[in-house]
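Asker: I am attaching a structure below and will ask some questions about it afterwards.
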Amino acid sequence: MKKPVKVAVTGAAGQIGYALLFRIAAGDMLGPDQPVDLHLLEITPALGALEGVTMELNDCAFPLLNKIVQTDDPNVAFKDCDYALLVGAMPRKQGMERKDLLSANGGIFGPQGKAINDHASRDVKVLVVGNPANTNALIAQQNAPDLDPKCFTAMVRLDHNRAMSQLAEKTGAHNTDIKNVIIWGNHSATQYPDIHHATVKGKDAKPQVDDAWYTDTFIPDVQQRGAAIIKARGASSAASAASAAIDHMRSWALGTPEGEWVSMGIPSEGSYGIEPGVIYGYPCTCKDGKYEIVQGLEINEFSRGKMDATDAELREERAAVEHLFS
Ligand SMILES: NC(=O)c1ccc[n+]([C@@H]2O[C@H](COP(=O)([O-])OP(=O)(O)OC[C@H]3O[C@@H](n4cnc5c(N)ncnc54)[C@H](O)[C@@H]3O)[C@@H](O)[C@H]2O)c1
Ligand SMILES: O=C(O)C[C@H](O)C(=O)O
């Protein structure tokens, strides 16, 4: 049996936390031979609820669950952690955009970034889920000057999975027949779900759907799927968000299959003409615990416009939170 790794999860008593922790403990994220210590962070008033979640985790008698730490102190939660899933943040309500949460949530991620900087493993893998995820990831990263900036990522995998599912439904294929969709940019209504490089059953996807469906149905539906869930459920997505977080971390830790990529929000170094520094959704392959951007994809004029629009929004969000950088 391998040595246990430490996985920190914030907002552990929340909706997503409840759908996430049991799957991590069951081995869905890091594999069936990897024991885990769970470090669960909550705000002080939620520690009672967190105790209840911990009781349930214990009651599952998971073979891979080695130890649980419950705390309201980020310095304890992130101590020596190898993985950190930053979920704890307020969700939006109907009628809001995710960036409307910046003033409520932005302040959470500076102190957490600093605690990660001071206490986590030097090659910690951080995934920010709390919205607006890309810019919150940037705030955390900017408060962790001693760590490689590439340790900090944001979740666009839910959008990626939504795009796969919608393309599968349209083409009468199964999700497993869909490869290499891309979510470029922000986890927001400006994200660009791109199928120009995707395949369905090994054949180019784009010629298999009509242009009007792509531009007038597929793109807006993927962009607005979060809002549609809030409208239908009366609460933002939780189980699908947790599942995407598991997928993101599993790909990063265990790798992507040969010839396939996934979408990850990662720090731009200028690839594809994107503003350096912003946390931008890119197609990535993963190997040996590292991710790399898929380079050299042809970008047509339509895609260029959409990629630049979501870049512009991320630059605006960055300008609004620069005072939270250390
Ligand atoms: N990136 C994505 O694709 C995606 C998808 C779904 C939801 N989200 C976002 O994830 C976040 C969480 O959603 P949820 O439905 O679980 O919300 P929730 O309100 O059910 O749970 C949030 C939890 O975070 C806790 N929390 C608040 N501040 C904290 C802090 N400083 N430290 C630790 N814990 C803290 C709260 O006490 C609460 O238990 C929201 O911001 C939501 O918008 C992102
Ligand atoms: O839409 C939201 O606010 C929640 C989440 O970001 C989602 O995409 O489902």
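Using N, Cα and C of the backbone, Cβ positions are placed for all residues, glycine too.
Bear in mind that TrEMBL entries carry predicted annotations, made automatically and left uncurated.
TrEMBL lists these features:
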- HIS187: active site, proton acceptor (ACT_SITE)
- GLY11, ALA12, ALA13, GLY14, GLN15, ILE16, GLY17, ASN105, GLN112, VAL129, GLY130, ASN131: NAD(+) binding site (BINDING)
- ARG92, ARG98, ASN131, ARG162: substrate binding site (BINDING)
- 5-148: domain 'Lactate/malate dehydrogenase N-terminal' (DOMAIN)
- 157-322: domain 'Lactate/malate dehydrogenase C-terminal' (DOMAIN)
Asker: Highest CB neighbour count within 10 A among the binding-site residues GLY11, GLY130?
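Answerer: Counting Cβ neighbours within 10 Å, the top one is GLY130.
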Asker: Less than 6 Å between Cβ and the nearest atom of ligand 2 is the rule; apply it to the binding-site residues ARG92, GLN112, ASN131, ARG162.
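Answerer: Those binding-site residues that pass the cut-off, since their Cβ is under 6 Å from ligand 2, are ARG92, ASN131.
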Asker: Go through ARG92, ARG162, our binding-site residues, and report the one whose Cβ sees the most other Cβ atoms within 10 Å.
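Answerer: Output for this query is ARG162.
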Asker: Summarise the domain 'Lactate/malate dehydrogenase N-terminal' (5-148) by DSSP state, stating how many residues are helix, strand and coil.
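Answerer: Residue counts for the domain 'Lactate/malate dehydrogenase N-terminal' (5-148) by secondary structure: 64 helix, 27 strand, 53 coil.
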Asker: For the domain 'Lactate/malate dehydrogenase N-terminal' (5-148), what's the mean pLDDT in this predicted model?
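Answerer: So the average pLDDT across the domain 'Lactate/malate dehydrogenase N-terminal' (5-148) works out to 97.
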Asker: Given the substrate binding site residues ARG92, ARG98, ASN131, ARG162 in the record, what is the largest Cα to Cα distance, rounded to whole Å?
Answerer: 19
Asker: State the three-class DSSP label for HIS187 (active site, proton acceptor), counting H, G and I as helix, E and B as strand, and everything else as coil.
Answerer: coil
Asker: For GLY130 (NAD(+) binding site) and ARG92 (substrate binding site), determine the Cα separation and express it in whole Å.
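Answerer: Their Cα atoms are separated by 10 Å.
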Asker: Could you round the CA separation between ARG98 (substrate binding site) and the residue listed as 'active site, proton acceptor' to a whole angstrom and send it over?
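Answerer: Between the alpha carbons of ARG98 (substrate binding site) and the residue listed as 'active site, proton acceptor' there are 8 Å.
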Asker: Based on Cα coordinates, which of the following binding-site residues are within 10 Å of HIS187 (active site, proton acceptor): GLY11, GLN15, GLY17, GLN112, ASN131?
Answerer: ASN131
Asker: Suppose we draw a 10 Å sphere around the Cβ of HIS187 (active site, proton acceptor). How many other Cβ atoms does it contain, all chains included?
Answerer: 29
Asker: Please report the Cα separation of GLN15 (NAD(+) binding site) and ARG162 (substrate binding site) in Å, rounded to an integer.
Answerer: 20
Asker: Drop a 10 Å sphere on every Cβ of the binding-site residues ALA13, GLN15, GLY17, ARG98, ASN131 and tell me which sphere holds the fewest other Cβ atoms.
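Answerer: Least crowded of the binding-site residues ALA13, GLN15, GLY17, ARG98, ASN131, by Cβ count within 10 Å, is GLN15.
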Asker: Report, in whole Å, the straight Cα-to-Cα distance of GLY11 (NAD(+) binding site) from ARG162 (substrate binding site).
Answerer: 24
Asker: For GLY11 (NAD(+) binding site) and ASN131 (substrate binding site), determine the Cα separation and express it in whole Å.
Answerer: 12
